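Colleague: First the structure, which I've put down as structure tokens, then a few questions once you've had a look.
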Amino acid sequence: MERVRIFDTTLRDGEQSPGVSLNAMEKLQIARQLQKLGVDVIEAGFPITSPGDKEAVSLIAREVKGVVVAALARASALDIETAWDAIKDAESPRIHTFIATSDIHLKYKLKMDRETVVERAVAAVKLAKKFTADVEFSAEDASRSDLDFLCRVVEAAVKAGATTINIPDTVGYAEPEEFGEFICKILEKVPVMDRAVLSVHCHDDLGLAVANSLAAIKNGARQVECTINGIGERAGNCSLEEIVMALYTRKDVLPFYTGIKTEEIYRTSKLVSNLTGMPVQPNKAIVGKNAFSHESGIHQDGVLKERTTYEIMNPRLVGIPESRLVLGKHSGRHALKERLLELGYELTEEQLNEAFVKFKALADKKKEVTDQDLEAMMEEEIRKVPETYTLDYFHISTGSTIIPTATVGLIKEGEKLEDAATGDGPVDAIYKAINKITGLTPVLEQYSINAVTSGEDALGEVVVKLKNGLGKIVTGRGVSTDILEASAKAYLNGINKLLFDYQAKGEKQ
């Protein structure tokens, strides 16, 4: 069997999803988990776009080992030099440079003729090659490009030194049979392709990104660019978990393998969902909460008799745990440690002590603590940034005949701070009181409530998106059995993220 390389672009293309904004530490957390997952390449970002993105790419390049770290750059000297400056400390650095090749892009975006595009592509690859031996070249909008011209550009890029050639379906226009044939023709028409790996990057505008990627693999592509949960521009990208599990499950027709540790898929999906603020749809293949659920009586009967009647893969294969322990207020540290280990959380003694305190507080409010409760508890810790403010208490006065009023107490560097405010509702009143204490007035872009568990004592999760005066958007989360407390914690989590960014960059509100 031949190996297919997995190029993860969650931190670059995935972060281009509307409303997603990750800080450097959040990107580093995801990059570390991607390395643990076993991806071959992490595209850490597009350094020229902002100082913050360059800083995040540099951080990942320095800290994450055992994986290729790539930076994106347009076919321009400044982009390529900036990309190299960001990844120069990586153990295995890659410069990924690109230029569009379709006539529509040449005419309306680049305003270049074909000769100039070929020259720019060659110059970009040659410059990148001066910095690193690992250079990837992408022909943007390749699937809508004239095949003969595309092959000319590809051949020129390989001769200039590109070691990977990427063929993007940038706008998700391709159809699987057509795209597979397209890949086959490129390999036939470009005699020097034996010097480079052929890669594909498919978007999901028609819901065909995974199908197109599989068709490309069947026809000679040996690298697939994808994202966790399929996030990305517009309708998203090829989903890493779907392409990997398709290759794993259907070896009879897809005789290929990847280096992915499949048992890390679920945890990686949860981490990306939580840090980006993009919930996974319940019916999402592989990682959705309904992916291994059976409601039909006939299906339930079949699964109870023999799992393979209605399941083509075991949920444990992708890291979805099967609960064997029921935890409650009488459960001890050892039981908690064992269950967290089964869920994929390896804790130090100090971390276990902190987790146990939170667990006991949660167990006092609930009869049984489920896996979902534990995951929510741990993910709240994962999302933490250094806390300028912590929630001490809040009091609410509200009713059908009175104006909602909130009194909020926060702690900053050991000092207790308190203020009160009225609002259009109890949540609005809490947020206005927090604003008065902190002196910040971010715009609340989004507020949503999700049930983490079911039942009367269910945990509720509140997700907020806050935007500061500079246009920076952060995601805040809070979890509690009390939805007002969850709302306060989510807003404060967002406030602390904004303050963390200000301090890191020396900015002012």
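Yeah, the Cβs are placed from backbone N, Cα and C, and that goes for glycine too.
Dumping what Swiss-Prot says about this protein:
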DOMAIN    4-266  domain 'Pyruvate carboxyltransferase'
BINDING   ASP13, HIS201, HIS203, ASN237  Mn(2+) binding site
REGION    390-509  region 'Regulatory domain'
Colleague: Determine how many residues of the region 'Regulatory domain' (390-509) DSSP places in helix, in strand and in coil.
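Modeller: Secondary-structure breakdown of the region 'Regulatory domain' (390-509): 36 helix, 54 strand, 30 coil.
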Colleague: Going by DSSP, give the three-state secondary structure for ASP13 (Mn(2+) binding site).
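Modeller: ASP13 (Mn(2+) binding site) sits in coil per DSSP, no helix or strand.
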Colleague: On a simple 10 Å Cβ count over all chains shown, which one of the binding-site residues HIS201, HIS203 is most densely packed?
Modeller: HIS201
Colleague: Show, in sequence order, which residues other than ASP13, HIS201, HIS203, ASN237 on the same chain lie with their Cβ within 8 Å of the centre of the Cβ atoms of the Mn(2+) site.
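Modeller: Those within range, site residues removed, are THR9, PRO168, THR170, CYS202, ASP204, ALA209, GLU225, CYS226, THR227, GLY232, GLU233, GLY236, CYS238.
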Colleague: With a 10 Å radius around each C-beta, find which of these binding-site residues (ASP13, ASN237) has the fewest other C-beta atoms nearby.
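Modeller: ASP13, out of the binding-site residues ASP13, ASN237, has the fewest neighbouring Cβ atoms within 10 Å.
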Colleague: I'd like to know the mean pLDDT over the domain 'Pyruvate carboxyltransferase' (4-266).
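Modeller: Averaged over the domain 'Pyruvate carboxyltransferase' (4-266), per-residue pLDDT gives 98.
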